[in-house]
Amino acid sequence: MISSKTSFIALIGNPVSHSFSPIMQNAAFQYLGLDLIYFAIPCKDEDLELVLNSLKKINCKGLNITIPHKEKVFNLCSEISPIARKLKAINTLKLNSENEWSATNTDLEGFIYPLKNLNLAKKKSIVLGSGGAAKSVIQGLINLNLSKISVIGRNKSSLDELIKNFGNQIELHSFLSNDNQTQNLIEEADLIINTTPVGMKTAKNEMNLLPYGDYFWRSLNSKTIVYDLIYNPAPTHLLKFSANKGCMTIDGLQMLVAQGLKSLSFWTNGLEVPFHIMNDALKNHL
């Protein structure tokens, strides 16, 4: 029950109305018996500094940061973890002993969670998209020791940014729907990860589309694991299509829950919740 002593943790971004984080985090707080609530706060770019400075002065114990603020929040933090610096993105904050924001990124651990036991070392992978989410995915694949990481994207500037970050650890390919080289990559891939928004429920007219179009996927075969970071709808059109091809599929819910567990541990100095507590709360909501 909320009382005058209840503290809070919030999600800051724009938009935030689609987020499932309040559902799973409040389930975790209830499981742990914490006098905490979690809710989402929409915040425009120009208000970010004001909002974060204001939250220091009230009973806020931590934050999640989502798009479009994951990079812009750097200048408002006094302590930043090595992984957040490496990825140039922050998704979790807490107030330190000096009442300043300490920051980390839990997306990497969230992404890896459903892949840990799949023995992907020395396997070949494709990352679709070159935006912010691709950075966590690529670093995760490097950590899992995959032998080949091919990135297929449309945006030259963001592809160039990935090369600055990861150098010769990745191969870049501009999107061409009739590109035979791309089809060879798809045919040999052991793992394909979609980091684009195509297929997301909130993406206008894109929910029933495949990333890069149907023709792009003509060489997909059943040995490939297909991982879609999108979690709403579940399953996405891509995962339904891939399952019909006989592929193992992974949806974004597992990543969402796993990164949420790591954020919770960061806020509470090490408290842990069983995976199923958050996962069941989300599935009941869906």
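Just so it is clear, glycine is given a Cβ too, placed from its N, Cα and C backbone atoms.
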Gly129, Ser130, Gly131, Gly132, Ala133, Leu229 bind NADP(+) per Swiss-Prot; candidate in Gly110, Gly199, Gly246, Gly252 listed for that same site: Gly252
Among Thr6, Thr66, Thr249 - the residue Swiss-Prot places in the same shikimate site as Ser19, Phe20, Ser21, Asn91, Asp107, Tyr231: Thr66
Recorded shikimate binding residues, Ser19, Phe20, Ser21, Thr66, Asn91, Asp107, Tyr231 - maximal Cα separation rounded to whole Å: 17
Shell list (shikimate; ref centroid = CB of Ser19, Phe20, Ser21, Thr66, Asn91, Asp107, Tyr231; cutoff 8 A): Leu11, Asn64, Leu256, Gln259, Gly260
Subset of recorded positions (Lys70, Gly129, Ser130, Ala133, Leu229) lying within 10 A of Asp107 (shikimate binding site), CA to CA, in sequence order: Ala133
Which listed residue (Ser21, Thr66, Ser130) has most other Cβ within 10 Å, given these are binding-site residues: Ser130
In three-state DSSP terms, the structure that Gly252 (NADP(+) binding site) belongs to: helix
